[in-house]
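Student: Checked Swiss-Prot, it gives:
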{"type": "BINDING", "residues": "C70, C72, C85, C88", "note": "Zn(2+) 1 binding site"}
{"type": "BINDING", "residues": "D460, D462, D464", "note": "Mg(2+) binding site"}
{"type": "BINDING", "residues": "C814, C888, C895, C898", "note": "Zn(2+) 2 binding site"}
Amino acid sequence: MKDLLKFLKQQNKTEEFDAIRIGLASPDMVRSWSYGEVKKPETINYRTFKPERDGLFCARIFGPVKDYECLCGKYKRLKHRGVICEKCGVEVTLTKVRRDRMGHIDLASPVAHIWFLKSLPSRIGLMLDMTLRDIERVLYFESFVVTEPGMTTLERGQLLGEEEYLDALEEHGDEFEAKMGAEAVLDLLRELDLAQLIAEMREELPTINSETKRKKITKRLKLMESFHQSGNNPEWMIMTVLPVLPPDLRPLVPLDGGRFATSDLNDLYRRVINRNNRLKRLLDLAAPDIIVRNEKRMLQEAVDALLDNGRRGRAITGSNKRPLKSLADMIKGKQGRFRQNLLGKRVDYSGRSVITVGPTLKLHQCGLPKKMALELFKPFIYGKLERRGMATTIKAAKKMVEREMPEVWDVLDEVIREHPVLLNRAPTLHRLGIQAFEPVLIEGKAIHLHPLVCAAYNADFDGDQMAVHVPLTIEAQLEARALMMSTNNILSPANGEPIIVPSQDVVLGLYYMTRDRINAKGEGAIFKDPKEAEKAYRSGNADLHAIVKVRISQSVKNENGVVEDTITVIDTTVGRAILSLILPKGMPYESINQPLGKKQISGLINECYRRLGLKDTVMFADQIMYTGFHYAMKSGVSIGIDDLVIPPVKAQIIESAEAEVTEINQQFQSGLVTAGEKYNKVIDIWSRVNENLSREMMSNLSKDTVINAQGEEVEQASFNSVFMMADSGARGSAAQIRQLAGMRGLMARPDGSIIETPITANFREGLNVLQYFISTHGARKGLADTALKTANSGYLTRRLVDVAQDLVINEDDCGTEDGLTMKPLIEGGDVVEALRERVLGRVVAEDIVIPGTNTVLVERNIMLDEKLCDLLEEHSVDEVRVRSVITCDNDFGVCANCYGRDLARGHIINAGESVGVIAAQSIGEPGTQLTMRTFHIGGAASRASAENNVQVKTNGTLKLHNAKYVLNTDGKIAIISRSTEITIIDSYGREKERYKVPYGAVLTVQDNAEVQGNDIVATWDPHSHPIVLEHKSKVSFSDIDDSNTETQTDELTGLTRIVVKDLSKANAKEPKLIIESEERGLQETRLPSFTTIEVVDGTTVNPGDVLARIPQEGSKTRDITGGLPRVADLFEARKPKEPAILAEVTGTISFGKETKGKKRLVITPDEGDHYEEMIPKWRQLNVFEGERVSKGEVIADGPESPHDILRLRGVTHVANYIVNEVQEVYRLQGVKINDKHIETIIRQMLRKCTIMHGGDTDFLAGEQIEVARVNIANRDLEAQGKIPAKFEIQLMGITKASLATESFISAASFQETTRVLTDAAVNGKSDELRGLKENVIVGRLIPAGTGFSYHQERMARRKQRNVVEEQTVSAEEATQALTDALNADLSGNQ
């Protein structure tokens, strides 16, 4: 019998498959799947509850209802397996076959498949070159279509109404054929000769000039080719046989009380069968045409509803007015098959409970309630009890566990030992949301969680719940221990910094114990070692904060990695000496010889990890936590109302501000300032007051004045509780203390605008009713925002994961020499991100040399770690070319060198790591911290935009970049280019500051001059845009008269100026200046509305002089989109509303003939055709007639469109743009994300390209294809010496990129399921199952992480299999083996 079971198991082995293909099913294929035709709409007999014969649940077709038992009960038991009962016709087999045996319905009249008809673009319509409207009229029996014109004047595919048809019949008789309904469409599709049509269209394409026609033909050609190549037949889009789903997948379940719950599909099938049978009868009876037609139409509608209810017309509803769920609804949406059952499954062996603090746990432990553990580990306990002989059977073991006998607890202890469990807190936003711990049994019902992992889980103990899962198999336990254990996840995968960081109480305790206090007990003592200091503290002879000397022996690794022991006497405090007792060997004492705030502790753990490795760090982190909790308790830091000290100058500050505001209000009433100016000024005043007040308050709080041992007055940091909490980073911030002890400040309305009356009171003084009302007004918006934000952030994460899920490290080095150039990010006078932060953990793309020499500092292909980064800083290197994911040459993944360091582990990344998902999670997880608001610029922000000079902060050399300039009459530099930047270089050649300088700015110093800090080096007028002369020229006026200009006289100086009127109102000519110079000849400059002319007609003007000034208003008051919506816009690659206009080619600017409301901009390159573009007149251009621009330069200001940047400046520029813009949003919120995560997403956005020219490939011009596929095809062609295809890389938004992925399974499970599947079926697509998602859906290990090697082995096996024939068992051999086994067994048991 054992052999028999072995044999059965062998037969049940799943096939290894490498791809899944989807296509159209031919009628023959549907019949081959089927086990019989369903002829009746009956389901089951309501008395016997047995399935009706030939009905929707028929046992003869679909299989028996009970295992190994036929319907009438003649054959029962296993011995009759395979017998077909002659009485009821049922095969004796497992009832499980009712899940996979299909039936079919022979349709009396063909029916169009609604997906290929209505899913846009309509495939049937494209095939026949008819509009959807026309085809629907034929299908739903409204008009005839000519299927065979014969010798008549009619055309094939022509539509005829009822009247026209009768007329044509009279005229031509039987010479032509016209039909209606799906039969007609079927005939038309049959007639198509694909090969011939394709050849004709390929010939016709090059001759077509009209763009729309070419697009249409290309579309049709692509569809025909995909049908031709995939072996699909167009006529299969019309169904003549309808498959019937196996009955157990659309069950009929008896409820109590004799009623039945049924799947909606049964109703839909019954409807189809009823109508089909009725149609058959009508056809047999030869009923009148109009009745038959109506019945056929109803059949078509019934099948439509079965396949996709509601796609056409009103959805068919059931008895309860709810639309029935059709086959299409089963698979799409959040509740569909993909997202509900395949990608998100429920798990057994899990429990959930509230969490509470476990301050005594070690980092790898969690407290598990006994009751919960008993339930979760039941099977293990049963097995152990039985093996021990404590229970004879499983049933007995069950009883023991239910009674909770004492032995059970001992067994539970053993079972749990070394068996990790997974803890998960929803929402799981990144991979640290699930970690493994060793359970420790505890009394009570709450799970105990180690405080240090709270940051990773984003958990707090205000009622959060967590789920526990038990890994069952030995492989799962191994992975949990080796990869998911909390001790292995010390660094955050998003930025490589420690995520196991103390917070709140622990920070406060450590901060308190490392502070120093003047005049503390025991000051000036000297201790022989930290232990003695601790003894003094314990015995009460020395205070924790006393400044003392301690002899410290430390062993620190030097440069060569040798451990040296040193003994020194160090000035420190008692508390720090005590803390040094838990400092691991090899860490320098300096690292704790300072007051430790949150930042310092984080740095301490980071340094420990880099110096000493994982094990020491974990133990140190635990010790830090215990110590921190202990001393937080000792400190007795608490908060009382007297700790909130209100600065005495508050009343005076507010009084003076109110006086200023009153003055502005008076000015407003006398009409000196506008309402807008008044609003901005008032808000400016209050913002300034708020800042001053909070500065006063903090300085008041943070310092105490004491008299030291020498009798002098000195200041020391305060021991005020509130200040200590904020200063240490434990809780609270200056902004919150300001509201408690300063003033509440300005409040926002729900629409984000600021209310101009501030709340001058603080919370200690208390608010009056009006103030309270103002503060609630904006606060409610905050709550509504949070809910919105969470949903939006979740959706962004989902889209990111979807686009990046199949990006996996799949080789060590792709060998590319390409990369990105990294420089420090400098904005104004501040280094926003230093070079070391940008290149740490990256692989060098080309040798780094010491600046100014040829000495190689770091060779290419070496990863920059902390030591090498220190080296770069020593030699003041400020530009490094590093490898990047974006430039990686790998076709279907990324190589380890282009990715660099695995941030969560600190070494170069392993093969098989799924970097795409990590990137998506790292960007999506902090999404909830971003704001949702679009900022309205006003007040302080508008003040910043009115900068009018550059004031440098440091000493150094001034350098100009991309500058075109002329020297004016004073010999100063006047800038005449757009994208000029000034940088300040220090004595080592490092860039320290970088400023943008506008057109028309005047420099006060020359290029390469030495400048001092606080020097003003450039000035300009912020309110107007000057037109500056390049050469000495004669200027004359043209079209300037009273109709379009007016003369204004300045009252103070008495000077008169000519100002252009508003040209958009009157139909005036546009005034021009004619400029005549030796260098350029005649040029004309047009003057827009409101321009002030600064010169007199007919005078000669020097270079650098200003001809005219164009006012700069209006463009500055745009809203800035910030926060989450901005990030989403960038990743969706959306075009901005009014994008900047960039120069398409390099050349000279001129203006052509104008049209109504548009200017014609012409750029003439040195050779080749000129380029023209129409630009709205109101757009302010940055260029003038005759100016040279280079390709990609900004012509009109505005937000730049990433598509333009890619097209005109290339891949690296667009990558830099998106990275910097995304980082700016996150930086504002203080979130650190490594650049390479954003680059990873950008790589996925750039994976498609448009074919410009097909070369010798099969690609059509204008086709969109994966870059990888084009590269592979081109490599093959180049090897054969043929012409490769030319292509242009496209930037795609993440949603579009996810839907355009090669894998149709992945795309279908993301969005627009119907469209994706229709498309894939028509193209006969194969899914190679490369990504993670597809493999999860088909239920395999994913090709990443530990599954990576499994898939590599599978591929290797497949290669072998192509050589060696696999051993298979034929049906005859199988039956023989079975009979032998059964006979042997029977004879043995006699």
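Residue 1 is the first one shown; counting continues down the chain.
From the backbone N, Cα and C atoms, a Cβ is placed for every residue, glycine too.
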Student: In sequence order, which same-chain residues at least six apart have a C-beta under 8 angstroms from C898 (Zn(2+) 2 binding site)?
Tutor: C814, T816, V843, R883, S884, V885, T887, C888, N890
Student: Have a look at the binding-site residues D460, D462, D464, C895 and say which one has the shortest Cα distance to C70 (Zn(2+) 1 binding site).
Tutor: D464
Student: For the Zn(2+) 2 site (C814, C888, C895, C898), what does the 8 A shell look like? I mean other same-chain residues with CB within 8 A of the CB centroid.
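Tutor: Neighbours found: E811, D813, T816, R883, V885, T887, D889, N890, V894, A896, N897, Y899.
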Student: Fill in the CA-CA distance, D460 (Mg(2+) binding site) to C88 (Zn(2+) 1 binding site), as an integer in Å.
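Tutor: Cα of D460 (Mg(2+) binding site) to Cα of C88 (Zn(2+) 1 binding site) measures 65 Å after rounding.
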Student: Going by Cα-Cα distance, pick out whichever of the binding-site residues D462, D464, C895 is nearest to C72 (Zn(2+) 1 binding site).
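Tutor: Its closest listed neighbour, by Cα, is D464.
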Student: Check each residue in the chain of D464 (Mg(2+) binding site) that is at least six apart in sequence and keep those whose C-beta is under 8 Å from its C-beta; list them in sequence order.
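Tutor: The list for D464 (Mg(2+) binding site) reads V354, I355, R425, given in order along the sequence.
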Student: What's the most sparsely packed of the binding-site residues C70, C72, C85, C888, counting other C-beta atoms within 10 A?
Tutor: C72
Student: Which chain neighbours of the Zn(2+) 1 site, leaving out C70, C72, C85, C88, have a Cβ atom within 8 Å of the mean position of the site's Cβ atoms?
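Tutor: Filtered neighbour residues, in order: A59, L71, G73, K74, Y75, K87, G89, V90.
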Student: How many Å separate the Cα atoms of C895 (Zn(2+) 2 binding site) and C85 (Zn(2+) 1 binding site)?
Tutor: 62
Student: Expressed to the nearest Å, what is the distance separating C88 (Zn(2+) 1 binding site) and D462 (Mg(2+) binding site) at their Cα atoms?
Tutor: 65
Student: Round to a whole number and give the Cα-to-Cα distance in Å for the pair C85 (Zn(2+) 1 binding site) and D462 (Mg(2+) binding site).
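Tutor: Given the Cα positions, C85 (Zn(2+) 1 binding site) is 65 Å from D462 (Mg(2+) binding site).
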Student: Identify all same-chain residues not among D460, D462, D464 whose C-beta atom falls within 8 angstroms of the centroid of the Mg(2+) site's C-beta atoms; report them in sequence order.
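Tutor: Filtered neighbour residues, in order: I355, A459, F461, G463.
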Student: Given the binding-site residues C88, C895, which one is most crowded in terms of C-beta atoms within 10 angstroms?
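Tutor: Selected residue: C895.
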Student: Tell me, by DSSP, whether C895 (Zn(2+) 2 binding site) is helix, strand or coil?
Tutor: strand
Student: If you draw a 10 Å sphere on the Cβ of D460 (Mg(2+) binding site), how many other Cβ atoms land inside?
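Tutor: Here the count is 11.
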